[in-house]
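According to TrEMBL, the protein carries these features:
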| type | residues | note |
| --- | --- | --- |
| DOMAIN | 296-339 | domain 'EGF-like' |
| DOMAIN | 616-657 | domain 'EGF-like' |
| REPEAT | 70-114 | repeat 'LDL-receptor class B' |
| REPEAT | 115-157 | repeat 'LDL-receptor class B' |
| REPEAT | 158-201 | repeat 'LDL-receptor class B' |
| REPEAT | 202-246 | repeat 'LDL-receptor class B' |
| REPEAT | 386-434 | repeat 'LDL-receptor class B' |
| REPEAT | 435-477 | repeat 'LDL-receptor class B' |
| REPEAT | 478-521 | repeat 'LDL-receptor class B' |
| REPEAT | 522-565 | repeat 'LDL-receptor class B' |
């Protein structure tokens with residue numbers, strides 16, 4: 001079959017006619033390894049004999065290999081894991097090497113010189129690296145990245161390429177340590193699904209599923225060439241591989257594997273069809289993974305206690321390599337040794353008449369932070385300032401003390417920061433970046449804010465509220481979420497100054513008791529005490545789904561909720577316990593603490609949960625006389641607004657003057 005400028009040759013095996021069920025790859029001939037969703041197969045180039053390499057998978061997307069070690073690696077987005085197996089494993093025994101803090105690993109790449117494994121995660125919006133066995137996991141890139149997908153490595157040069165198919169589709173390059181990032185392709189690109197390096201010609205090739213094309217460029221993103229652009233033969237190209245003569249790709253639409261001349265796209269050949277759902281593809285050949293002998297970390301791992309990465313060719317530092325630490329560790333002053341930071345995560349539980357602190361690793365009660373309370377409901381903390389805050393609905397107040405104990409301003413172990421004009425403070429949240437405290441009041445039907453010491457108190461929202469309860473903050477973006485379990489139950493979102501208010505959840509909701517923000521996953525999670533369930537949605541309320549719904553008698557009244565790693569933790573009010581469950585899978589539910597007296601809210605103390613962000617009000621309080629509150633950055637907003645305390649009004653954009661009596665009467669009306 002021919003077109004005017006392109007010959008189409010078909011030599012394929014349908015339905016596995018020549019399928020040999022074997023896990024052995026013939027190392028004397030190059031093969032194509034490809035993920036076929038439910039299995040990983042190989043096909044020998046030129047003879048086109050097909051072998052099953054790894055059967056019985058759930059949803060394999062990306063794959064790579066380590067030729068000299070005989071290892072194959074793949075990602076499974078349904079099982080949310082990365083696994084490995086030896087090529088010559090006749091028993092098909094594979095090993096899960098990454099299962100924690102992993103959402104949707106769309107891309108994977110093996111560094112065959114420094115023996116590291118890299119992967120992208122579309123859910124967590126980051127790129128991570130580890131040893132080949134999954135140990136020493138480190139987050140390399142977690143900012144300025146939206147929908148990371150494909151990866152390609154050149155460890156001889158210390159280069160990594162990755163694609164992002166988010167709102168600004170692009171291809172970037174950086175060092176193997178994630179530093180020295182540079183965007184190299186940003187035009188004529190929409191869905192950069194696959195990346196591959198042509199080590200022979202020093203070029204980068206990529207597929208674009210939306211543009212129906214395969215393109216290539218230099219490592220700097222220059223001399224961009226369109227190899228093939230054809231809606232008929234590239235309706236949705238995904239994975240890509242290259243050898244001396246051809247570029248190979250998988251096609252979602254045709255469920256096939258194809259190839260063409262890598263220089264001019266003059267021939268299109270369908271080499272395998274009738275596939276289930278072809279995804280990633282790799283050329284399994286010793287020529288692909290050459291070692292130039294430039295392993296700068298080879299001698300005693302460069303003296304690094306944990307991870308050693310070669311410096312990128314663009315590094316301004318006059319060093320050949322850098323030592324790095326796994327997540328949760330800090331580099332010491334010698335720049336070689338890593339030590340664990342911060343201690344273990346701890347669970348803070350408000351238990352009606354006390355607040356306790358429990359170590360999440362040992363599950364032993366570390367201490368009773370505060371005792372002698374009457375009816376505490378909400379609790380939160382400010383880790384950097386060593387402060388814990390809580391509400392007491394019987395005492396009608398908000399209180400503060402030290403997390404580590406001791407006297408507070410010479411007034412004892414606690415201090416009331418809000419004790420007047422407050423009735424039922426069911427919900428409370430601390431802004432640890434701008435140093436404010438927010439709370440709901442179901443008795444007065446409003447949401448207020450103040451400084452951490454209770455000064456400059458301001459009513460942000462006092463309309464269209466019935467029974468406001470839980471509240472959660474994202475100060476890095478100036479966002480606030482809150483729940484209302486009144487006659488018209490709902491979840492709302494607004495700026496942290498109370499403006500830009502939107503109702504985002506109104507369906508399948510009755511008693512939204514607790515709410516928490518997952519900034520990495522860009523989702524909110526909440527408990528519903530009446531419907532007996534845990535739910536989640538995106539920040540705008542879309543993609544809402546039930547994680548788990550409990551039997552009425554078994555798990556009565558889920559209330560407080562928080563997140564840590566891949567787990568949801570929540571309190572069961574009447575069951576007097578704290579449970580945990582996987583936040584994506586909704587499985588592996590198990591009790592964490594039982595036998596509590598009357599658990600209400602809970603928070604998890606960890607340095608990971610209160611990461612510092614830029615305080616846009618840090619310079620002279622943003623020039624604001626009273627409160628400087630974060631809001632989303634827009635064309636009309638610099639990311640903060642000046643707000644006056646109640647009883648005051650803005651004199652100008654920055655200063656406040658006391659309201660006259662007539663204005664106060666209007667406010668009350």
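Backbone N, Cα and C define each Cβ position, glycine as well.
Note on the repeat 'LDL-receptor class B' (70-114): residues 23-25, 33, 35, 40, 53-64, 120-124, 130, 132-134, 137, 148-153, 155-156, 160, 162-163, 176, 280, 289, 291, 294-295, 297, 308-310, 521, 565-566, 584-585 of its chain, located 6 or more positions outside it, place their CB under 8 angstroms from a CB of the stretch. In terms of DSSP helix, strand and coil, the repeat 'LDL-receptor class B' (435-477) has 0 helix, 23 strand, 20 coil. Sequence-distant contacts of the repeat 'LDL-receptor class B' (158-201) (same chain, six or more residues past either end, CB-CB distance under 8 Å): 107, 109, 111, 114, 116, 118, 120, 127, 129, 140-141, 144-152, 207-211, 215-217, 219-221, 224, 237-242, 244, 247, 249-250, 262, 280-281, 287-288, 290, 309-315, 322, 324. Broken down with DSSP, the repeat 'LDL-receptor class B' (478-521) shows 0 helix, 23 strand, 21 coil. Shown for the repeat 'LDL-receptor class B' (522-565): DSSP residue counts in helix, strand and coil, namely 0 helix, 24 strand, 20 coil. Residues 62, 66, 69, 71, 73, 75, 82, 84, 97-98, 101-109, 163-168, 174, 176-178, 181, 192-197, 199, 204, 206, 219, 290-292, 294, 306-307, 309-310, 313, 324-327, 520-522, 584 of the same chain, all 6+ positions outside the repeat 'LDL-receptor class B' (115-157), place their C-beta atoms under 8 angstroms from a C-beta of that stretch.
Within the chain, the repeat 'LDL-receptor class B' (202-246) has long-range Cβ neighbours (under 8 A, six or more residues past its boundaries) at 6, 8, 30, 32, 34-35, 45, 62, 150, 152, 154, 159, 161, 163, 171, 173, 183-185, 188-196, 252-254, 258-265, 268, 278-283, 285, 287.
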